[in-house]
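What Swiss-Prot records for Gly14, Ala15, Ser16, Thr40, Ser101, Met102, Gly103, Thr104, Arg136 is FMN binding site. Annotation source Swiss-Prot lists dimethylallyl phosphate binding site at Tyr166, Lys182, citing sequence analysis.
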Amino acid sequence: MTVYKGIYTVGITGASGAQYGIRLVQEMKKKGYKVHLVITEAGWQVFREELLIQTDDRKMVIDELFAAGDGEVSFHQLDDYTAPIASGSYQNRGMIIIPCSMGTLSGIAQGASGNLLERTADVMLKEKRRLVIVPRETPLNQIHLENMLKLSKMGVTILPAMPGFYQLPKTMDDLIDFVVGKALDQLGIEHELFTRWGEERDNHSR
């Protein structure tokens, strides 16, 4: 039987920024974690637009994106309420939705459980397990902010997709890695995706 470092759920929605979720899952699998992956229909549409994917074979896309690493990625259909992550008895260490659309955010805040993604988030709340939401929207209206505040009061971590620049990023990957690294920090997973403030930076000075 394979022993994993931990088990987490990752949700990817239709907010722009699919690369955040992809990079996160790749890093978790590389480090030996088991990842339950749920992608909304709008999330798949964003995959096609942002990754220039031409095929409709979703399994092939998942297999190609997450081929490397010692962990495991289990993909679940959005309407599969029989998935283990839909139950509080399953030992799911935590969940992150990256990026998170405002529609999904609203559904979670209202306890809608309208699909597997929302149901799993609801399980995290009722079991008082770690739930991290990475919103990717701008500007924000009052409803968005109130939903974030409501979830924050329940113990949810709201981690906006806002990259830092003190590490002097040179590429788009550097910006993506900063946000993904922050997300991994919240999940308690060690990484080397960016240089932390105060650490030596390649011959740069402030």
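Cβ coordinates are placed from backbone N, Cα and C, and glycine is handled just like the others.
Within the same chain, the residues at least 6 positions away from Ser101 (FMN binding site) whose Cβ sits under 8 Å from its Cβ are Thr13, Gly14, Ala15, Thr40, Ala42, Arg136, Glu137, listed in sequence order. Cβ environment of Ser16 (FMN binding site): Val46, Glu50, Pro99, Arg136 lie under 8 Å away, each six or more residues apart in the same chain. Looking only at the binding-site residues Gly14, Gly103, the densest Cβ neighbourhood within 10 Å occurs at Gly14.
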